[in-house]
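Novice: Have a look at this one before I ask anything.
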Amino acid sequence: MASVEEDFPRGGTAKTAQTAKPEKSRAEVDNLFETNVPEVKKKRKKQQDEEQTTKKVKKTKEDSLKLNATSGVDILHMKDLKVGTLLLGCIKDVNDFEMVVGLPSGLTGYLPITNICESYNKAISDKLDNGENAEEFAPLPHLFSPGGVVRCVVSSLAESKEGHVSLKVSINPKEVNKALTPGSLKSGMIISGCVESIEDHGYLIDIGLSATKAFLPKPAAKASKQELRLGLYIECLLEEVKSDGRLVRLSVDPSTLSEAIADTTHGWTLSNLCPGLLVNATIKKVTGHGLILEFLSSFSGIVDLLHTDTDKASSYNVGDEVVARVLYVDPTNKKVALTLRSHLLPPGGSVLDRVQSERVGDVVQGCKVATVHYHAGAILDLPDGTQAFAHKNQLREAKEPFNPSILKAQTALTCRITEFSPLEQIHLASLRKSTIEAPFFRYSDLKPGQVVEGTILSLQRFGLMVKVTDHIKGMIPRTHMADVTIANPEKKFTVGNKVKCRVLSVDVANKKLTLTRKKGLVESSLPIFATYAEARAGRIAHGVVVCVKDFGCIVHFYGDVKGLVPTRELCTEFVTSAQQLFYVGQVVKAKVLQCDPEKEKLLLSFRAVLQGESEGQENQKKEKKEKKAKAEKPAFDFEIGKAVEVRVVSKAEDGLNVAIQPSEAPAFLPTMHLSDHASNCQLLWHALREGDLVSDAVCLSKAKQLITLTKKPLLKAYLEEGAAATEFSGLELGLELTGWVKNIMPYGVFVEFPHGLYGLAPKAAMSDRFVTSTVGVFAAGQTVRAKVSNLDVEKRRFLVSLKASELSDAEGEGQERLIRGLQERRAAMEMMCQRDESEVLQQLSSLAVGRVLKVTVDELREDGSCSLLSDDLPSVPISASQHHLTGVKVTPGQKVKVVVLHVDPTTPQIHVSLLPALLTKRQTLVSGSKHDALIHHTDGDFAVVSLGDTANVTVVPTTTHLNETFAAEEQRPKPGDTLRGKVVVVETACEALDGLPLVNREAGVVVKATTVTSSAARRERKISEGRVGTAHSFRFGDVVTAVVSGIKPMQVRLTLPGDVTGTAHISELLEEPEPGTFPTSALKVGQELQARVIGGRDVHSHNFLPITHPGFVHSQPVLSLLPRKLKADKDPAAMETGVKLEELKPGQELICYTSKYLSAIKCLEVAVTSKITGTVELLAMTTNVKEAKRPEKMVKVGQALKAKVVSVSTQPKQLYLSLTGTHALAPGSVVMAAVRKAKPHAGLSLRLPFAGKGWASMLDLSDSFAADPLQQFHEDQLVRCFIFEANEENKYQVSLRPSRTHPDKKLPVTDVEVLSLEDLTKGQILRGYVSSVGDKGIFVRLSRNITGRVEFKKATNYYVSDHSLYSKHIPQDRLLTVKVLSVDTESGHVHLSTLPEDTGKADVLPESLQLPFRKRLEKKRKRKISETIVEAPVVVVKKRKKKQSSTEDNDSGVEVYFREEDSDAPKKAASKAKVSKSSTEPARLKVSAGFSWDTTLSSLRPATAAPDHQSSDEEEEEEKEEKQPTEKKSQKKTRKAQEEESKREEEDLRKQEAELMDPSQRPQSSHAFERLLLASPDSSLLWLQYMAFHLQATEIEQARAVAERALKTISFREEQEKLNVWVALMNLENLYGSEESLQKVFERAVQYCEPMPVYQRLADIYAQSNKHEEAESLYKSMVKRFRAEPAMWLSYGTYLVRQGQSDAASALLQRALKSLSNKEHVDLITKFARLEFLHGDKERGRSMFDKVLTTYPKRTDLWSIFIDLTIKHGSQQEVRELFDRVIHLSVAVKRIKFFFKRYLEYEKKNGTSETIQAVKQKALEYVETKGGQEAS
């Protein structure tokens, strides 16, 4: 009632509202919505003010009655929606995981499966987890059907990548009825809900109120006429409300629901008003855009133009009573919309009959505009009499303004129906031209086989997502990306690229489109098989192999058409295996043999395609032959580089279709191949017309029948001179090629060269500048020069460098390019003038750069530029930029002089300058004079510059080199920039430049106004050095005094007299430098020294020139500082003494100098002299693996090294060196090697230095064998190896054992190396790998050339009847521990044993096989005999004596006993044997546990009589033969002794059985544990006891084996039991294993268990074993991985506090609070405070509690914890102060009562009578205070 009173205030205001006149109220409401009030203009100002004052007063009174003020009528827009907006929706489509919901105003929302209700979500989770509730769970199509009207709420508004808003809604009652409370529920209300559960007598309905139980009885549910299932959405009527809304009875009778109308008695408020409610309303205002209604006495709502009843639209009047349904409610803006459409009002409204329309996508002509609403859109009258609504955004093109007047003026319109809105039952249309002309609008518009173009949206694991149109998206499967399988598609495809595809299949119902990019399918001209009916016999079509089996291939065409190609039809020859000829994804051509469309069976043939042609192809061939016969013109003979004359046939967007003369052969001339200048290409394309003859084209390539031509001058010159390489084999490193940019990718650019060669220039090799992005550096089609930098012969790929510094540039080439470019522009202008008789073009052609014109100023623009007019060229725009008005003041109409800078004939437009410096009298230029160049205008590759103060202008290229690039757009030349360096006048008036001066640039960069790049400085320095060294007077042999001007790692720059620059190579500095030193470091800049000229270096090519070169004076001097050359005479032979390549021999030592490491070919380049360079392969650089992994760090440029010559090649000249001290492979040497391949079951194939090949056996890989020794090696891995012997030429046997590769370190060896049989001794324990398992036994490799055999009887203690079990459970390469039994050196046989008693290891066969032990049958027979002792003791004695005379079966190992009727002689022998054995056998080992080591629980025998089960059959035979003489001598026992022995044995047996029956008795043997584990295999306690049993006996391996068995045996459902075993195994490895073994167990445990408890247990283990470093490291990784888990932070904090690191724990708490949510902060702080109380600083803990309780004083649970800790760790005074604080809290009385009781109990226990009385007094005062408050 409080909310009702607040919303509906009592008092006079309400009465005043009731007595107000209706007419006046309506008038005031009308004024609120009135937009144009012409009457106001006619009133006088005074009357106007009085009326406004009256309006305000009335409006205030009116608004006081309104809960929501309405300001206008408009349709619902997407921008109006917010999360929480309530809407009425209609289900349009139902899928398995979501529904499509139609919303008001044609909006569409998506309802995910998780937004139904909470109970349905729980059913989904149960079904996914364990399949429960499968019967109750129903998929969405079973619960919902299209047409159903639902109440929904906006749950999210997310923006997609394409910029569209994804609207998601929810029908979850907890969100839809969020504002309802149990107290607000009233009988007669209609609300929505979902079936929560099905009970015996009815259904529980979820209405969104957790405190309310809504029940629908089964009799009442029958009225719904549908089966109520879990999650079903229903609208229900509240029939009865009980217990203040906590219990509600519902009704779903359709007739009752349709008549139920909301009224004021229901207490609806704006916050809980729901869409779908029927209300009685009154029309308050009628506008052109809709109606304003008043309903429920205090609500105001709108009805937009789409929801007025079309039949009554003209009859609405103010004051009319209508029935309306609430359409949507916006609680934020207090906006309510209603609908008056008849299909949403009674008797209907719950289900709509029409939700889809077949007309969607239709283009309708002849439409007329019915009404236009500026803010909403327009209603269109369609020719068939129906109407459609077009949103205002669809009435105009994108980014164009909406002009309703133009729309109304059009008599007939063409629109496209885009959607159907079910709530309004109206079509939505669009007038956009792009939408109308779209070829594909619906998925049904696409047909299999159609060729479409799309844009790549994303690259997924399964394929490419492609956007065909804004409404249609398709998928290209991974197998259909190309004709072959692409390993790395991300390198080929980029998001945003256009792709051409063909439609494979279309699923219209599910809106799925599958495409293909296979070239064979996309470009196929054969028929398309989209249906089986189209696959007629005899037709041939392209298809894709989707399956290859032994019976043939299955070929898929289009749609669902698939056919079978039997094996006999695969090929003309016999096919043994189809898998060898065909593969999945292969594009094939198949011929139809048979087709049954009804049964959808298709039989195909590949063989028929090869043997014959399809129907119609022969006729096509005849027609082609006839055409060829008619053609009298000769065929064109194609040849790359051939000059041809062509005629333009037609123009395409990307080039010209031409015909080669005179043969008329078709060809294509791309636009980018019209010129070397990108800016000229488009100009020439515009100038050329159909029929023009082009005489200077050259043949470039030919693909199929299409010939590609080029007109690039540089490319033509390159082909005329003869291409440097015509095929891949002709490429070599350093070769320079001319080509053009083919494609630009993020990682580099692809460059195409003539003859079909393609090279990649990586990003690092694109420019001398640092390239951050490949975009904008080069343009597609740009002519470039490239240098081959890397070759991949296997994959036939090569890399190139485009760096200008690494490429040569012929002298004068820049001027030639400039002149050719200007000539091309002039030719284009002439062609355009000849065709077009326009006077403008004729006049423009006469204009040239530098000409002075008289013009008139027309207009001054805002950007500082101005437009001008010329009397001679009135129709041509003339403009001057702001730069060209600097210092000039002009006014419109003023006559001025200008200088022409550029003429653009295509626009047309003229760019001019008004700068006074260009309009002064031009000075006469002199050839050779130098001037500064100021840029005034740039156009592509050209720039117009002025020459100093001479007032002369000319044209120069913007770049000095063909490949020159700019670091950023800001670095490109702009008007106002100055060229670096001077320009030299070559010709004062060049005819090619229209009389302008021809200049030559000294430098190739532009000077910006502020800074100069470092690369520019380097280039200038390089050019300046070349200029200085081009001419000098020095001759060879001259001794000069030089000054060191620069020091580089490989050379020294010297300044000679006359400011001449020379260089001295590093090899010419010192006579014999020490290895490891840097010769250049001995010199300093400015140091004077004597040097001798020994040669020169060409400035342009940098090639070394000997002193005998005739043009030496035109090169840079090369000097030597060697003393022996300074003393020598001028004889060239004397000065050229030194190392010569042809004189070097393998093994010779020399000094070389490190130059650079070539990572592409993995070798080090070194310099021996200035003319001799050598290479050192990576394997010959070092023998240290760590250094070899980072060879770049080893390389120190300029370091002197001692090397050995490996080999010398004179043709071509190459020198190979080694830095390891060895130049050839020899047994006993240690070298570096690289893994070539790991061969399973064999070893490693290695690549050795000096072109050697090595082989390492599996037993030569390590000194400690591993289970999988080859796993740690991979291809190209570097290893260190020891060479044993040479098998054949360049093939060696090597070892990777560390003891061999590092003999000086004396490393421990776990598995010794067995070189020969002499190294083996009897009884030796070894390990080896299983070679094979055969009929004769198990063969184990002990070394690379020695293999031993384990007989089956020496392999296991189990009895194995089927020997195939060995091969199953003992795989090849299994690591076994064996014992040498014997060694036969003559035959080479080695006999081994793997029995546990011999090796001390577990049995080779697993216990899980449950095989019987050898002699198990004997034990069973003994057990049966012992059971009969009580009944027939005499017989038992006889049977026991019979035991010793048994026979043996050596194969089975089972003893067979004689029967009872045997003779007495064997019995006597048996009794004698017992006496002898007891007297001669050594005493058994006794332990405190009271059992014998050879006793097992399964034998059930006393320890004294237990047989030796570990002896072999052969040993027992030998013992029996040795005992026979002794048995004869032994005396026979008396009858009494036999009976006593029998009783004693029986008594021991009873005791043993009693122990077994006692559950509290801990097992004392393995068999006892095994027996218990059979009964309880999932008990981790039993498994841990078993492990402890082995650990007590120091049997570590057996304990590990038991743990592994436990992990395999325990059920996967017993997670805690398995975790216990994992923790025990980690404890075991921590105590007895290594850190590596512990980490391996930990990693496995994390994989198989929940990670967090495993981490916690390992941390506890570390902490308990005082491994604090490991524990600290683990905790740090834990809090990173589980930062959202409070328990993990608490665990780390506990560890820190216990270690005394309270400060660290406090810092950790602050980190935790940043990572965790706010609701977890209080509990975590409390737990940290408790830790401080228990283990740390109590004052800090008290302070933490105080801070928390100050913020949350009503948390009585925290007060209790604080009190408990204070009682335990604090003083009595502190406890009493704490109690006094608590009892004064403002909390519930019963909680204070609890604390008073605790206070009193504490005082009774620790206080005195006075303190007890004081507590009672405080309690009395509290009660009196509370009573007084209640009374007041």
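Yeah, the Cβs are placed from backbone N, Cα and C, and that goes for glycine too.
Automated prediction, rather than curation, is the source of TrEMBL annotations.
Dumping what TrEMBL says about this protein:
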- 47-60: compositional bias 'Basic and acidic residues' (COMPBIAS)
- 1457-1467: compositional bias 'Basic and acidic residues' (COMPBIAS)
- 1536-1554: compositional bias 'Basic and acidic residues' (COMPBIAS)
- 84-170: domain 'S1 motif' (DOMAIN)
- 188-253: domain 'S1 motif' (DOMAIN)
- 276-341: domain 'S1 motif' (DOMAIN)
- 361-432: domain 'S1 motif' (DOMAIN)
- 449-518: domain 'S1 motif' (DOMAIN)
- 538-607: domain 'S1 motif' (DOMAIN)
- 734-803: domain 'S1 motif' (DOMAIN)
- 1037-1110: domain 'S1 motif' (DOMAIN)
- 1147-1220: domain 'S1 motif' (DOMAIN)
- 1228-1297: domain 'S1 motif' (DOMAIN)
- 1323-1395: domain 'S1 motif' (DOMAIN)
- 1-60: region 'Disordered' (REGION)
- 1438-1483: region 'Disordered' (REGION)
- 1498-1564: region 'Disordered' (REGION)
Novice: Spell out yes or no: are there three or more C-beta pairs under 8 angstroms between the domain 'S1 motif' (276-341) and the domain 'S1 motif' (84-170), with each pair 6 or more apart in sequence?
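Specialist: Result for the domain 'S1 motif' (276-341) with the domain 'S1 motif' (84-170) is yes.
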Novice: Reported in the order helix, strand, coil, what are the DSSP residue counts of the domain 'S1 motif' (538-607)?
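Specialist: So the counts come to 7 helix, 35 strand, 28 coil.
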Novice: Given the model, what does the mean pLDDT over the domain 'S1 motif' (361-432) come out as?
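Specialist: Here the predicted model's pLDDT, averaged over the domain 'S1 motif' (361-432), is 86.
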Novice: Work out, from DSSP, the number of helix, strand and coil residues along the domain 'S1 motif' (1323-1395).
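Specialist: When I sort the residues of the domain 'S1 motif' (1323-1395) into the three classes, I find 9 helix, 35 strand, 29 coil.
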Novice: From the DSSP assignment alone, can you count helix, strand and coil residues within the domain 'S1 motif' (1037-1110)?
Specialist: 7 helix, 33 strand, 34 coil
Novice: Give the one range among 84-170, 538-607, 1147-1220 whose Cβ atoms make the most pairs under 8 Å with those of the domain 'S1 motif' (734-803).
Specialist: 1147-1220
Novice: By DSSP, how many residues in the domain 'S1 motif' (188-253) are helix, how many strand, and how many coil?
Specialist: 10 helix, 34 strand, 22 coil
Novice: Counting by DSSP, what is the helix, strand and coil composition of the domain 'S1 motif' (276-341)?
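Specialist: Split by secondary structure, the domain 'S1 motif' (276-341) comes out as 6 helix, 37 strand, 23 coil.
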